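This report refers to the structure that appears directly beneath it.
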Amino acid sequence: MEEETATTAGRKHDDGVDSEDPGSAGNGISSLEQPLLKKSNTLTANHLAMVGAKVSHIESLDYEIIENDLFKHDWRSRSTVEVLQYVFLKWALAFLVGLLTGVIASLINLAIENISGVKMLHMVRLVRDKRYWAGFFYFSGFNLALTFVAAVLCVVFAPTAAGPGIPEIKAYLNGVDTPNMFGAPQLIVKIIGSICAVASGLDLGKEGPLVHIGACLANLLSQGGSGRFRLRWKWLRFFNNDRDRRDLITCGASSGVCAAFRSPVGGVLFALEEVATWWRSALLWRTFFSTATVVVVLRGFIEVCRGGRCGLFGAGGLIIFDVGDVTVRYRLGDLLLVTLVGVMGGVLGALYNHVLHMVLRLYNLINDKGRMAKLALALAVCAFTSAGLYVLPFAVPCTPCDPAFGAACPATGRSGNFKQFNCPAGQYNDLATLLHATNVDATRNIFSTGTPGEFRLDSLLIFFAIYCVLGLFTFGIAVPSGLFLPIILMGAAYGRIVALVLQSAVAASIDHGLYAVLGAAALMSGSMRMTVSLCVIFLELTNNLTLLPMTMFVLLIAKTVGDAFNPSIYEIILDLKGLPFLEPKPEPWMKDLTVGELAAAKPRTISLQVVEKVSTVLEVLRNTGHNGFPVVDRPRPGLSELHGLVLRAHLVAVLRKRWFLLEKRRTEEWEARERFSSVELADKNCKIDGLELTPEELEMYIDLHPFTNTTPYTVVETMSVAKAVVLFRSVALRHMLIMPKYQGPEISPLVGILTRQDLRAHNILGAFPHLAKKSKTH
């Protein structure tokens, strides 16, 4: 292939591959059958995606080590003290991530419990005084005010703080840069917004936001802050790269799950199973260290707040559903019932994913109308939620208290298993027990053991139906939201329903509360398709080791059944948002295509010479949006060889410093080190706006060899695309160079270059339509 040094303008890409201008994302979409962002029918798709609730330009991350001369010299020149500083700082930052995540999670719990408690107590007081309309307007007005605050913060100040944030974290750890996702505004809005949203009674949890909060803290700590308040401490220069930031964000995600469920091992396994793409043993230790720190902080807050010293916040403010005092005994017949719970959980989870998929498409059409539409949608959902939560308990009859429960029935306070609500003395309203409580208290109530007759079948059916509807229509509005608790509540209600329906027909020996636990696990696995991490989380939540075999059994069945219908909920969201996430398993038809054929379907590769003219470099940068350029060397006439790959940011740094040569020559090692350091080159300033060079400077030369990564990952042109996808994802690459099978004097040393977008299935099918038939047969 003949070498080129320039390309035509108008087709730009951030990773060394040309693509068409996609236009304005989200505009012109009038069908619910279309994706949230239109996809191009060419090999190279557009690079716009929805990050949070905002359309952003997407680039890849440089997880690969750039082994150029400056980097090698930097590592050789580091003293033993500096190496120890680097190692110590990695552990210190992991500790700080866990510490701050634990403190913030405890404060969020404290705020939610107190705000919700005040709201519930006053509303119940009005109901008991038979001032029903006053109670309704107070309850709805309080909820609307809280939702308004959360929605305004997300719509106006930080659109990317809306939603759970977990899909964007998955994409980031997969190698996709999600801009404006982990900054200080997102952190502040996520904290305040999740407090307001959860306390407003919306059917969402704080678990997803806590994962995002942990990731934001990790990102800010690794950079020393944000914007003009950023610390310029020289030790932090070691972390001015995507690799170390990726590891710390993994620690933050683990800490967030641990803070949500008080589950240190579950948090580590969640990061390993669900969000992390790249893993190693050293990262395992650091994530566990972070989650252990979170647990210590949470335990300390529980002790401090014991006895009512934190207002209405107590030990119940942290999610822990202790059924450890229940002995689980089961027979062979119980396994059949548990199998039924798992199968139904998988089917319901897949159905939930499908309907939520449609709802998110609908919400995209509404949110396209602008800020006021987003705000109106959030308030409308809140109004509907408030009306349902307040009115429905009046639709069920009161239940007399069992004398065995003593003073615990009825409960007149903020929490308790037997809410009196509108009932006379000695009776309780079982539906109010579930609806007029925070999600945490409702889960604790429905998980309670030794209470087979506490909840009526009609009340459970109403609760399950309303939470299914609210869960589907609440997720996707412009507030911070999590999916864990709503799905746990739906699954727990479904488990209790199964227990009640079967208790008269089959002599089951498992407690109804434990059926609720198994139902919650089944629906979670059926929707999110997690197994190992969920198993450990539920084990740490319930504090009952004897539940382990049953939980493992039901999780495996639910995941298997759910996988037969559709992908997991997070995979669906990633696809809807247009985030170029690389799946761990390539498509079967990718084995029938080689990387050489893939490269032939692209525009010709743009390469540079080792010593290149300034005008050529500037023209390439202005006319393309490529991130990396192959560098070709010609040691003698008629012979060319691949020298490596140079990044766009490094070329911009050279131009800005005007490190030019009057003659075409190779420089000595010391010449580049006098003007540049590896720390300076870590800055990702790729803009050349305002860069003006004189005609004399344009005729000068640049020696690229000190800045060129001489060890890029290369593959032979006969490698299958399936194998290339596995390699690309496993090593976390940004560029993959393709070498010819045969080399010689008249043969170009480079066939092409592949990036993340080139390896995505829908892009390949657009360029090779005949493969679409094979994809359907598989």
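The backbone N, Cα and C atoms fix where each Cβ goes, and this holds for glycine too.
Keep in mind that TrEMBL annotations are predicted by a computer and have not been checked by a curator.
So that you can see what the record holds, here are the features copied from TrEMBL:
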- 604-656: domain 'CBS' (DOMAIN)
- 711-764: domain 'CBS' (DOMAIN)
- 1-30: region 'Disordered' (REGION)
- 91-112: transmembrane segment (TRANSMEM)
- 133-158: transmembrane segment (TRANSMEM)
- 278-298: transmembrane segment (TRANSMEM)
- 310-330: transmembrane segment (TRANSMEM)
- 336-355: transmembrane segment (TRANSMEM)
- 375-396: transmembrane segment (TRANSMEM)
- 460-485: transmembrane segment (TRANSMEM)
- 497-524: transmembrane segment (TRANSMEM)
- 530-558: transmembrane segment (TRANSMEM)
#### Entry: Region pair the transmembrane segment (133-158) / the transmembrane segment (530-558), three or more CB pairs under 8 Å
no
### Query
At least three Cβ pairs under 8 Å linking the transmembrane segment (278-298) and the transmembrane segment (336-355), pairs spaced 6 or more in sequence?
no
### Message
Across the domain 'CBS' (711-764), what does the mean pLDDT come to, as a whole number?
### Response
91
#### Entry: Intrachain residues whose Cβ lies under 8 Å of the transmembrane segment (336-355), provided they are six or more past its termini
330, 468, 471-472, 487, 490-491, 494-495, 498, 502, 506, 508, 510, 515, 518-519, 521-528, 550, 553-562, 564-569, 572
### Message
For the domain 'CBS' (711-764), how many residues does DSSP put in helix, in strand and in coil?
### Response
17 helix, 11 strand, 26 coil
### Residue counts (helix, strand, coil, in that order) that DSSP gives for the domain 'CBS' (604-656)
19 helix, 23 strand, 11 coil
